[in-house]
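Annotated in Swiss-Prot:
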type: ACT_SITE; residues: Asp36; note: active site, nucleophile
type: ACT_SITE; residues: Lys78; note: active site, schiff-base intermediate with substrate
type: BINDING; residues: Asp36, Ala38, Asp212; note: Mg(2+) binding site
Amino acid sequence: MNSTINNDINNDINNDINNDINNTQSNSPIEAVIFDWAGTIVDFGSFAPTTIFVESFQKEYDFAITLQEARVPMGLGKWDHIQAVGKLPSVATRWQAQFGKAMDNADIDQIYNTFIPLQKVKVVDHADPILNAINVVNDLKKQGIKIGSCSGYPRAVMDVLIPAAAENGYLPDCVVATDDLPYGGRPAPHMALKNVIELGVNSVTNCIKVDDSTPGIEEGHNAGMWTVALLLSGNEAGLTAQEYQQASVQTLNKAREKARLIMKKSNPHYLIDTINDLPAVIKEIELRLIKGERP
């Protein structure tokens, strides 16, 4: 897709979004739900970024990392993610043995500069919505709840992913990329708060952050929001959509517990399997807000 067509699609999406925001009256005490992208709304298992991290290390430095190592810092901005992978004891030891020095910023820049073009090409292959995600989002919109979003992807990747997701029916009211703001991304609250500003939200306590990574949940806490962690559709379980649908109860229980042990470290208000389970949480938070409770 060339840049002119891409820009036209993004402009059309933004025009539609602004009209929707202005014409919708909220029937809920919840003002906005802010979603992560990969592993939350699209890309079941969050495979697009992780597989490209593995490929980027291999291509740039002939250095092997495992998919599991690539998953550990998920949720951070991608430059920070590469840095965090390099600091993993297992990776740092192998890097020192192979190159005789620790990974430095120049190395991270090289890997990042390899990662971005690869990710732009392949992100559209992972733009399929997670089961029932579009229905859940559209039902929230019908209630007058605004849909925000933010991602660990930089804007260059989001400019490819946004129109691909739109073709599949996902049209958030706001999209913030990890390099849109000068102060950096997660776990700081800047991207979530940028959504608050752009959406015209009156109180962060009336917002919910939904994410499949601990930095994303910490982002929500730091922004003063309710937080909902996803266990089975995201990075920590690492299942494909097909594996999830075909898995036995035992397999799902094992994957759920594995993810729960990681995600509970960020103290989410709620832990659910996938976005399909979100409506019940929405109702509970609505009742808590009506009673005067806050995150």
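Every residue, even glycine, has its Cβ placed from backbone N, Cα and C.
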Per DSSP (three-state), the residue listed as 'active site, schiff-base intermediate with substrate' is helix
Just checking, which of Asp36, Lys78 (active-site residues) has the fewest C-beta atoms within 10 Å of its C-beta?
Lys78
Please list, in sequence order, every residue of the chain apart from Asp36, Ala38, Asp212 whose Cβ lies within 8 Å of the Cβ centroid of the Mg(2+) site.
Trp37, Gly39, Thr40, Ile41, Asp43, Ser46, Met74, Gly75, Ser151, Asp211, Ser213, Gly216, Leu230, Gly234, Asn235
If H, G and I count as helix, E and B as strand, and all else as coil, what does DSSP give for Ala38 (Mg(2+) binding site)?
strand
Chain-internal residues near Ala38 (Mg(2+) binding site), provided their CB is under 8 angstroms and they sit 6+ positions away
Ser46, Ala48, Pro49, His126, Ser151, Gly152, Tyr153, Asn235
To the nearest whole angstrom, what is the C-alpha distance linking Lys78 (active site, schiff-base intermediate with substrate) and Asp212 (Mg(2+) binding site)?
16
Distance check, please: Cα of Asp36 (active site, nucleophile) against Cα of Asp212 (Mg(2+) binding site), rounded to an integer number of angstrom.
8
Row Asp212 (Mg(2+) binding site), column other C-beta within 10 angstroms, all chains, value 32
